[in-house]
Amino acid sequence: MNTRPADFSAVQAATSLTQFRSASPLVHCLTNDVVQSFTANVLLALNASPAMVVDPEEAAQFSAVADALLINVGTLERSRAEAMRTAVNSAHQAGTPWVLDPVAVGGLIFRSEFCRELLAWKPAAIRGNASEIMALAGLAAQGRGVDSADDSLAALPAARELARQVGTIVAVTGAVDYVTDGERDIAITGGDSMMTRVVGTGCALSAVVAGFCSLEGDRVSHVAAACYVMALAGQQAASVSQGTGSFIPNFLDRLYTLRAEDLA
């Protein structure tokens with residue numbers, strides 16, 4: 001039986017958020033076409049600087065000077081895969097932390113093989129839903145596109161194993177988020193079901209995780225803090241929204257106004 005880990009401390013989340021806003025990291029996002037604008041707006045709301053440089057040669061140059069890199073394979077095709085390869089290789093050589101969002105891995109062969117190939121370049125973190133994390137770890141999963149039929153707690157053992165195999169941090173997200181480095185587990189509660197009814201909240205979270213990975217200090221705590229901040233903003237935005245149309249601006253507003261004292 002899986003026992004749920006202890007909840008993440010709001011005080012730790014507040015410390016990481018303060019550090020993040022002060023650092024204003026430059027996050028290079030090679031993400032999917034559906035969520036580029038929303039992802040950029042989420043990063044801007046948190047005082048980060050987003051960049052979407054997609055040409056293979058330029059992507060390699062830019063990832064070496066960015067503070068963090070996001071690889072999201074949601075709308076993967078062969079030319080974009082080449083840009084992602086060059087960017088990840090360049091980031092790896094430069095010591096730039098990069099995050100993998102393995103969208104729909106397990107259900108589709110090309111992206112599944114591609115994401116497993118990228119693991120050789122040692123991502124700082126991997127963020128996915130339960131089905132994606134289980135599939136990337138080599139276990140059977142019940143995914144349907146970007147959705148997951150698996151419970152995040154049920155995927156925690158797979159997340160631990162994946163973290164150990166790759167030497168990374170894994171965030172498996174769902175009704176409760178779990179962050180692990182293979183030895184240490186953290187639970188993050190909050191959020192709202194409305195976050196699953198709009199496009200891009202998970203993809204944007206992966207970009208925020210990338211930015212938080214660029215911070216000095218305890219990276220496991222920083223990844224958990226990224227999940228905590230997004231879940232809290234989602235929960236608070238949903239409480240004042242009539243539906244998904246009003247949720248998105250309320251979510252961005254809450255991220256923009258959220259301060260450490262609101263957390264601690």
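Cβ atoms are placed via backbone N, Cα and C, with glycine included.
Taken from Swiss-Prot, the feature substrate binding site covers M52, G200. As annotated by Swiss-Prot, ATP binding site applies to R127, T173, with the evidence given as sequence analysis.
Counting every protein chain shown, the number of other Cβ atoms lying within 10 Å of the Cβ of T173 (ATP binding site) is 28. Straight-line distance linking the Cα atoms of G200 (substrate binding site) and T173 (ATP binding site), rounded to a whole number, equals 13 Å.
A straight line from the CA of R127 (ATP binding site) to the CA of M52 (substrate binding site) spans 19 Å. Here the C-alpha separation of M52 (substrate binding site) and T173 (ATP binding site) works out to 24 Å. Highest local Cβ density among the binding-site residues M52, R127, G200 belongs to R127, counted as other Cβ atoms within 10 Å over all protein chains shown. According to DSSP, T173 (ATP binding site) is assigned to a strand segment.
R127 (ATP binding site) carries a strand DSSP state (E or B).
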